[in-house]
Number of protein chains: 2
Amino acid sequence: MATLKYSRQRESIKNYLLHTEEHPTADTVYMHVREEFPNISLGTVYRNLNLLAETGDALKIPTPSGGDRFDGKTTPHYHFICTCCGKVMDLDMESIDHINEIAGKNFAGQIESHTTMFYGKCEDCILKS
Amino acid sequence: MATLKYSRQRESIKNYLLHTEEHPTADTVYMHVREEFPNISLGTVYRNLNLLAETGDALKIPTPSGGDRFDGKTTPHYHFICTCCGKVMDLDMESIDHINEIAGKNFAGQIESHTTMFYGKCEDCILKS
DNA sequence: CTCTCTGCAAATTATTTGCATGATA
DNA sequence: TATCATGCAAATAATTTGCAGAGAG
C-alpha cells in the first residue's frame with residue numbers, strides 16, 4: 001500500500017471513534033465529523049474508515065441486515081449484536097482461544113478467536129418482551 | 001404473518017438448499033433453480049429465501065463483504081467463515097451454551113449460542129500462505 | 001372467489017470509484 | 001512539486017418492493 005499522508009479529516013474520524021462507545025455506522029460517523037468539517041463527503045468517510053481498519057486503528061464489524069459498524073477500541077475484545085434492536089455491544093469476557101481445540105477435532109482451519117461474533121437479545125429487548 | 005400457500009418454486013428452492021453443502025448466495029440459488037424454472041425471477045428467490053428463513057426451514061447467514069448465505073441444514077450447528085477466501089463452513093463441534101455464564105458476569109443479555117459466527121483462515125488458505 | 005405468489009422492472013440501501021482540485025511532505 | 005487525499009457525482013452490488021396477472025385453497 002502507498003505511504004499514508006496526514007489528513008485532518010482522518011484524524012477527526014479516528015478521534016471520534018476513540019471517544020464513542022456506540023459502534024457507529026459510516027453514516028453516523030459522517031454526521032458527527034460534519035460538525036467539524038461541514039464539506040466532508042461520505043466517500044471520504046468510507047475511504048478513511050477502511051484505511052483505519054487496514055492499519056489496525058479501527059475495527060470494521062459486519063452486521064446482519066446491512067451497515068457495517070466501526071470501533072476505535074482495538075484491543076482484543078468480543079462483540080455481541082442484538083438481533084432484536086440491532087445494538088452492537090462490547091463483551092468484557094475472558095478469551096475463548098481454546099475454541100480451536102474444541103472445533104479442531106473436525107476442522108483444520110484456524111479460528112481467530114477474538115473476531116467471533118455473538119448474537120442474541122440484549123437486556124433491554126428481553127425486558128420489553 | 002399471512003397463511004402460506006404452496007408454490008413449486010419455493011419447494012424447489014427448499015429442496016436445493018437441502019441437497020447442497022455450499023451455503024449458497026441468493027444468486028447461486030437463482031442459477032440452480034433456473035434450471036427447473038427458467039422464468040423464475042431473482043425477486044422471487046429472495047422472497048422465498050426470506051420466507052424459509054422466517055418459518056425456520058432455512059438459515060440466513062450474514063457475511064462480511066456482502067452477500068448473505070443460506071443453509072438448509074436447520075439442526076443447531078456453528079458456522080465458520082474464512083476471511084481469506086470467503087468460504088462458509090459448518091463446524092461440527094460440541095455446544096458452547098456455557099458461553100452465557102462466561103459472558104454473563106458483565107452482560108445481562110442472552111446469547112443464542114448456536115448463532116455464533118467464527119472467523120479465521122480455512123485449511124486451504126493456511127496451506128497457500 | 002379470495003388471497004397468496006410470481007415475473008418484471010423500478011426503487012432502495014450501503015458502499016465504491018473516477019476525476020479534477022486541494023493538501024501534505 | 002510529486003504524491004496522496006478530498007469533494008462530488010456517477011457507478012456498483014445486494015436486496016426489496018409495487019403492480020398486474022397466474023396459481024392455490
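Quick reminder: no glycine exception, Cβ is built from N, Cα and C everywhere.
Among the features that TrEMBL reports, Zn(2+) binding site is placed at A:Cys82, A:Cys85, A:Cys122, A:Cys125. In the three-state DSSP reading, A:Cys125 (Zn(2+) binding site) counts as helix. When other Cβ atoms within 10 Å of the Cβ of A:Cys125 (Zn(2+) binding site) are tallied across all protein chains shown, the result is 17.
Residues or ranges marked as Fe cation binding site by TrEMBL: A:His114. In the shown protein chains, 15 other C-beta atoms lie within 10 A of the C-beta of A:His114 (Fe cation binding site).
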List of the binding-site residues A:Cys82, A:Cys85, A:His114, A:Cys122 facing chain B, defined by a Cβ pair under 8 Å: A:Cys82, A:Cys122
Nonlocal residues around A:Cys82 (Zn(2+) binding site), in sequence order (Cβ under 8 Å, 6 or more apart): A:Val88, A:Met89, A:Tyr119, A:Gly120, A:Lys121, A:Cys122, A:Asp124, A:Cys125
Euclidean distance between Cα atoms of A:His114 (Fe cation binding site) and A:Cys85 (Zn(2+) binding site), Å: 23
Fewest other Cβ within 10 angstroms of its own Cβ, chosen from the binding-site residues A:Cys85, A:Cys122: A:Cys85
